[in-house]
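Asker: Below are the features I grabbed from Swiss-Prot:
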- ARG49, MET50, VAL51, LEU52, LEU53, LYS54, TYR69, THR70, LYS76, GLN98, GLN133, SER134, TRP177, ARG187: FMN binding site (BINDING)
- LYS54, TYR116, ARG120, SER124, ARG183, LEU184, HIS185: substrate binding site (BINDING)
Amino acid sequence: MSERSGIFAGDDPFVLARAWLAEAEASEPNDPNAIALSTVDADGLPNARMVLLKEIESHGAGQGGFVFYTNYGSAKGQEIAQAGKAAFVCHWKSLHRQIRVRGLTETEDGPQADAYYASRSLKSRLGAWASDQSKPLSSRGALMADVARVTAEQGTNPKRPPFWGGVRITPLEIEFWADGAFRLHDRFQWRRGSVDDPWEVQRLNP
């Protein structure tokens with residue numbers, strides 16, 4: 001494959017990412033929107049964890065972003081706030097494909113975050129209030145006591161916590177990878193110097 005065609009075809013990486021995710025949703029048995037999110041702490045030590053990608057935004061002309069939700073006081077929330085950058089990879093074993101993303105971060109704590117929070121189950125909404133994410137916890141019993149307290153305080157229609165919301169990654173690099181025989185994989189990298197620059201696309205060695 002000397003030029004982009006087939007599964008790599010298209011002029012907008014966000015549209016392409018959406019298409020790949022849609023295929024994964026039809027074939028991947030568990031959490032096709034799971035991503036391994038990487039951040040760094042103040043000392044530059046990397047951290048990685050699995051989170052769920054909730055939206056691939058596509059605004060046309062090669063602009064868009066990737067959105068997930070978290071507690072802003074968590075380790076990842078604090079590291080993202082400090083660095084303003086993050087990376088992730090999503091790998092689909094059923095498709096033998098993956099997407100890697102590196103980019104700049106910003107919080108999404110307006111109506112979009114409110115709407116997503118409201119779409120969650122009541123127990124998940126209350127859990128967001130109860131969990132002081134990433135902080136030490138004496139016991140599971142203590143956590144459940146916090147859940148009971150929050151349930152009594154918030155009732156059946158809790159508002160989104162001010163410390164919980166979305167994070168948008170606006171990419172500077174997106175790589176689309178597909179497995180090839182004898183490890184001769186196909187890799188295409190979309191890259192730009194800033195979010196306002198046009199994308200440059202190149203094939204990479206396996």
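The backbone N, Cα and C atoms fix where each Cβ goes, glycine too.
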Asker: Among ARG49, MET50, VAL51, LEU52, LEU53, LYS54, TYR69, THR70, LYS76, GLN98, GLN133, SER134, TRP177, ARG187, recorded FMN binders, what is the largest CA to CA distance in Å?
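Answerer: In whole numbers, the farthest two Cα atoms are 36 Å apart.
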Asker: What's the most sparsely packed of the binding-site residues SER124, GLN133, counting other C-beta atoms within 10 A?
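Answerer: Among the binding-site residues SER124, GLN133, the sparsest Cβ neighbourhood within 10 Å belongs to SER124.
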Asker: Given the binding-site residues ARG49, LYS54, LYS76, ARG120, ARG183, which one has the fewest other C-beta atoms within 10 angstroms of its C-beta?
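Answerer: Comparing Cβ neighbour counts within 10 Å for the binding-site residues ARG49, LYS54, LYS76, ARG120, ARG183 gives ARG183.
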Asker: With Cβ-Cβ distance below 8 Å and at least 6 positions apart along the chain, what are the contacts of VAL51 (FMN binding site)? List them in sequence order.
Answerer: ALA34, ILE35, LEU37, PHE68, THR70, LYS76
Asker: So what sits near LEU53 (FMN binding site) in its own chain, CB-to-CB under 8 Å and at least six residues off in sequence?
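Answerer: Listed in sequence order: LEU21, ASN33, ALA34, ILE35, PHE66, VAL67, PHE68, PHE88, CYS90.
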Asker: Please report how many Å separate the Cα atom of HIS185 (substrate binding site) from that of TRP177 (FMN binding site), as a whole number.
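Answerer: Computed Cα spacing between HIS185 (substrate binding site) and TRP177 (FMN binding site) is 7 Å.
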Asker: If you pair up every Cα among LYS54, TYR116, ARG120, SER124, ARG183, LEU184, HIS185, the residues annotated as binding substrate, what's the maximum separation in angstrom, rounded to an integer?
Answerer: 43
Asker: If you compare CA-to-CA distances from GLN133 (FMN binding site) to each of the binding-site residues LYS54, TYR116, ARG120, SER124, LEU184, which comes out shortest?
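Answerer: The smallest Cα gap between GLN133 (FMN binding site) and any of the binding-site residues is with SER124.
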